[in-house]
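A short write-up of the structure that comes next.
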């Protein structure tokens, strides 16, 4: 009976998260022994860092081309648009139950990899905000339980000053294992969708800069490192933004680092979900790639976040993925800014909209970014 209760609790922790509610400032620790620093796989043209104000982050630096950022297209909201009311832990009438079930099965196929940050631990089952340092910290309430969790190792890990950039294709098993690593390390990364690896302006941009249309391609503006191979990218992320090696057991990463297993199961997930992001949506605006990156708060395995990720990918919209896996410091950040935790949360700097609710976000993206 005890094992069954533990399993049910784990399942709830994996699938859901609801709110309670200080801003955890990123730490930067130079990694002087990183063999990747200063290495680029291909020549990179001059870049610029542009500061963009956001209601979610006090300030976020977005790595963009000067010409692209200075010519942001104009979009407008539908006349009848109303921001939906947040409904945490609710499967509403607008939820596609069959799709939700497939996304939950996909989570199981990948052993929930990316659902928890590296070094995940439960701090307490009886969190009391009145006794905490701040009343704006996240916790998960399950009946009489008030669960507060965190990472035991990431507090010693350096954080990038600027978001990394990942050219990716949602269904690619190689891209998926990199995205899962990003969630494990609790990183914020700008995703640039390249449907089928060869469609969209980002694919063309990648080809012009590197001579290849291979994804994933990871570029780190903090170190000027560019990498193609997923295994190299995973090793780079762990070396550059992971905790000291002595702080964690690398064997815990086997669902990602055991390449044959990760690629096989990630391929099964892609097939199960219908090869998401395989094609650019025919009615997507031709200038979507030129938009300011949208911010999406969530994590790879969430069955609520996944439909929004797929829609962003098919529309070729650049988006900054703010990782919010279980134990993530970003959960506290969201609660401090929004007064609650719920994913997905979409912040659109092109229209000024901030909104929750997966199905409603999908409809919003369809209304605003198609013709």
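Every residue gets a Cβ built from N, Cα and C, even glycine.
A quick note: this is a predicted structure, and the numbers were derived from the prediction, not measured.
The domain 'GST N-terminal' annotation in TrEMBL covers 162-245, 292-371. The feature signal peptide is assigned by TrEMBL to 1-19.
Mapped onto DSSP helix, strand and coil, the domain 'GST N-terminal' (162-245) counts 38 helix, 18 strand, 28 coil. Secondary structure of the domain 'GST N-terminal' (292-371) per DSSP, as helix, strand and coil residue counts: 29 helix, 19 strand, 32 coil.
Model confidence over the domain 'GST N-terminal' (292-371) stands at 97, taken as the mean pLDDT rounded to a whole number.
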